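Quick notes on the structure that follows.
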Amino acid sequence: MSVISIDENDDVLKATDSYRQQRRNVVALYLLALLVMTVLFGWLLHEQYQQEIEAAESRITARANVVTEWAKGVFAQSGQALFGLTEILATQEIPDSDNTQLLQRSLENLTSYLPMIDEVGVFDSEGRLLASSRAGRDADIDISETRFFKVFQHSQQRELITPLYWSKSDQRYYLYHGRRVDTPTGDFAGVAVSNIVPEVFSESLEQMSVFDGESISLVDSGLKFIARYPIPGDQFPVGKQIESSETAQRLVSGDATFSLSAKSPIDGRERLFRIQWVGEYPMLAVVGIDLHELLKAWRQRALILSLVMLVIALLGAWGARHYLSRLALTYQLRQRIEEREQARAEAQIAAAAFQTHLGILITDARGCILKVNETFTRITGYSEAEIVGKNPRMFSTGLQNAAFYRRLWKGVIKAGNWEGEIWSQRKNGELFPEWLTISAVYSVEGTLTHYVATMSDISERKAAEQEIHQLAFYDPLTGLANRRLFMDRMGTALKELHRHQRCGALLFVDIDNFKQINDTLGHYAGDQLLQGIARRMGQMLRDTDTLARLGGDEFAVLIEGIDGSSAQTTQLAERIANKLLAILSEPIELAEESITITGCIGITLMSSGEHNVDDYLQQVDMALFQAKNSGRHTVCFFDPAMQAALLAHVRLEADLHLALANQQWQLYYQPQVNHHGTITGVEVLLRWQHPERGLVSPGEFIPLLESTGLINDVGEWVLEDACKQLVRWSEHPRLCELTISVNISPLQFRDDHFLRRVNDVFERTRAPLHRLKLEVTESLFLEARDDARDKMLALKAQGVRFSLDDFGTGYSSLAYLAQLPLDQLKIDQSFVQQVLESEANAAIVESTIVLAESLSLEVIAEGVETEAQQSWLLDHDCQAYQGYLFGRPVEAKAFEAMMLA
Ligand SMILES: Nc1nc2c(ncn2[C@@H]2O[C@@H]3COP(=O)(O)O[C@H]4[C@@H](O)[C@H](n5cnc6c(=O)[nH]c(N)nc65)O[C@@H]4COP(=O)(O)O[C@H]3[C@H]2O)c(=O)[nH]1
């Protein structure tokens with residue numbers, strides 16, 4: 001499941017993101033469309049509004065023009081009347097106050113034709129009323145102090161109309177229209193004034209037809225109300241001041257004609273006003289149109305448009321919502337499809353996982369088998385149908401006890417799972433090991449629902465492991481434990497010994513002359529022999545003992561857990577060793593031959609905590625070495641003294657390597673005399689001047705030199721030093737006849753390079769070889785006699801002589817002796833020293849002397865210590881001697897001093 005979850009989560013997240021993005025886009029698109037539509041509709045309404053306003057403006061402007069023209073006509077009529085009057089007065093002279101009747105009648109006639117003029121009067125140049133069209137008008141009226149009169153009196157102004165003017169005498173407003181009256185000479189003669197009644201305007205306005213909401217007003221230059229249609233009523237009488245600061249401002253700023261929107265101070269309705277001066281007269285024509293009325297149609301259209309927009313918006317919202325819900329549905333569907341796909345993929349994976357190389361068994365919480373896979377069937381042989389409903393207990397073999405199963409289920413309950421190796425059984429009853437994993441499955445609520453067991457048949461693996469184990473820890477030939485396992489067991493045994501304060505024994509068994517048997521009878525027979533021996537020893541030993549083959553013919557036995565003293569352990573080990581030897585020596589049939597073999601056994605005892613494995617192995621090795629050195633069919637216990645000796649031996653061996661480089665070798669010379677007691681020669685004897693141990697005897701180190709191969713180098717040094725001595729002595733008259741005998745080890749002699757090395761020495765030293773005697777021992781001729789003989793002959797050809805040392809101790813064949821180019825026989829000191837005491841020795845010495853004589857060889861007796869011995873030897877015709885009686889081995893200087901004394 002986890003394999004696909006990451007990718008699928010990514011997909012789900014991507015799909016969700018995409019869905020949300022789409023949703024955002026749709027909402028944004030809708031809002032944008034709404035905005036565009038609103039802006040469009042707004043713009044449209046605004047345009048229409050503007051058009052309405054502009055149309056209204058045009059209309060009220062036209063109406064204002066008409067009103068203006070009409071008002072101008074009123075003033076023009078008044079002006080013409082006054083013009084005619086003044087013209088008449090100018091030609092006829094103004095009558096004095098006493099003759100005004102004619103003028104008054106003219107004035108009365110004039111007013112009767114001009115209804116808009118309430119009264120016409122003529123004032124003289126002093127401002128006194130001369131005549132009036134109104135009968136009974138007070139003759140004392142004087143206007144000389146008015147600004148109106150003064151304008152005419154002091155300027156050439158011909159005509160003037162006032163704004164509304166309150167007539168105190170008449171208690172009403174007039175618009176006074178004055179015209180200058182000149183004398184025939186052109187001087188100021190007075191003023192003719194007509195009183196225009198403001199009501200004349202309202203009466204005329206009433207005649208005009210107005211639209212709904214339209215108003216036409218006339219105000220004077222001081223914004224006092226003159227006339228209006230529709231009539232405002234009593235609350236707005238003529239002369240009432242109209243409060244409109246905006247209009248006042250515009251007038252002050254000099255605007256002759258303008259429009260403005262304002263609330264009507266008369267009826268309080270919002271209007272668009274057109275205001276313009278009536279010509280040059282102090283009057284304003286104000287045409288207003290009720291905006292509410294004006295925009296009624298526009299508002300209706302706006303309402304309709306808004307409704308349309310709302311409908312469109314709603315439709316758009318519905319469409320968007322629908323689209324979004326479809327989108328959501330698609331998304332949900334897709335999600336469901338994906339979830340289904342995912343579930344299907346998971347189911348496929350689960351199914352694939354179920355069909356794995358592992359056997360799978362599923363039970364319910366009570367352990368009742370619900371399902372198994374094919375691998376399970378393949379491993380156990382049970383088909384699903386055969387075991388569904390059963391309990392897995394049917395597979396238990398009885399090889400695991402109840403405690404094991406208790407631990408198993410404890411693990412499952414505690415940790416949720418358990419795994420381990422367990423024995424199971426197939427349908428055919430065959431038992432097999434399996435690796436079993438049991439896991440408890442819990443629901444989300446934490447209730448145990450199932451157990452899932454996976455298993456793999458590990459019988460092949462176990463067999464392979466067994467084989468590997470066998471190969472790693474057992475000897476393939478005999479089936480016994482190999483060295484590795486033996487070491488391991490030893491380690492374990494030592495720990496056990498330490499823990500329980502017990503004893504044990506370690507035995508090494510070695511077959512005598514196994515190599516010869518192998519070489520003689522062949523390797524197959526050798527293998528059979530080893531197998532036979534292993535079998536016999538195995539049968540003899542207890543199960544608790546470990547028998548191992550360490551390699552070749554080397555067997556080891558580990559005996560553990562002996563509850564006794566070391567003496568008892570020794571006895572037991574010895575008894576076992578002797579039994580083993582007895583078993584070994586029983587005849588065995590090999591290659592159709594019955595052969596009897598022997599062996600040697602080394603034993604070491606193991607007790608608690610004293611030594612480690614290596615120590616015990618070393619000890620038992622020494623014991624075996626000792627046993628082998630002691631001859632065939634021997635048992636040897638490890639002896640600490642033996643270990644000390646061996647250690648000393650090892651150290652000595654190490655020191656030997658340094659001896660030559662450090663010039664620790666020294667030659668001693670022991671005289672050889674003839675029957676007159678004259679020194680005829682010397683035997684060279686090697687000494688080792690050890691820095692710590694002092695002078696070391698050749699008996700200790702010669703065998704070591706031989707075993708390490710160092711004998712070749714050291715022997716060459718001895719020969720060279722002896723040759724140099726010969727050369728030195730040959731130059732001295734009293735020493736020049738002396739011979740020098742040099743001991744040559746058989747190993748040295750047998751070396752392939754022996755002749756070359758010796759010749760090199762001869763070459764280097766130029767020694768007189770006829771005075772050089774090489775002492776060889778009988779053992780030289782045990783093997784490769786011909787080779788030894790050839791080498792002797794080669795050297796003999798150069799004048800070198802040969803003496804056979806230690807004669808009588810070896811196994812020399814007399815017949816062969818005769819063929820060797822010997823010059824001297826040296827009777828071993830063991831015979832010489834017992835010659836007087838032992839008849840046998842005397843007989844040997846005697847016969848040796850006879851033999852030497854018969855072979856024409858010289859004879860010399862070594863180890864002569866007493867004169868009695870010498871006289872016996874002389875009596876028996878031995879005329880050369882060497883021994884303490886004549887001188888001990890000494891350094892060259894001491895020897896020379898003795899010779900020259
Ligand atoms: N008890 C007693 N001993 C006497 C008497 N006269 C001589 N000897 C000892 O007898 C040994 C004679 O030497 P060997 O038989 O060749 O036996 C020699 C010889 O086999 C070997 N050896 C000594 N030097 C050399 C050498 O340079 N090369 C080789 N290969 N072997 C040597 O070591 C052996 C022992 O040498 P050493 O200890 O020097 O012992 C010498 C010598 O000191 C006597 O009257 N009484």
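Each Cβ is built from the backbone N, Cα and C atoms, and glycine gets one as well.
So that you can see what the record holds, here are the features copied from TrEMBL:
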type	residues	note
TRANSMEM	27-45	transmembrane segment
TRANSMEM	302-320	transmembrane segment
DOMAIN	345-391	domain 'PAS'
DOMAIN	418-470	domain 'PAC'
DOMAIN	502-640	domain 'GGDEF'
DOMAIN	649-901	domain 'EAL'
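Ranking 345-391, 502-640, 649-901 by CB pairs under 8 A with the domain 'PAC' (418-470) puts 345-391 at the top. Same-chain neighbours of the transmembrane segment (302-320): 26-27, 29-30, 33-34, 37-38, 41, 44-45, 48, counting only residues six or more beyond its ends whose CB sits under 8 Å from a CB of the stretch. Same-chain residues lying 6+ beyond the ends of the transmembrane segment (27-45) with a Cβ under 8 Å from its Cβ atoms: 298, 301-302, 305-306, 308-309, 312-313, 316-317, 320, 324.
Across all of the domain 'PAS' (345-391), the predicted model scores a mean pLDDT of 87. When the domain 'PAC' (418-470) is classified with DSSP, helix, strand and coil residues number 12 helix, 30 strand, 11 coil. Residues in the domain 'GGDEF' (502-640) partition by DSSP class (helix H, G, I; strand E, B; coil) as 63 helix, 42 strand, 34 coil.
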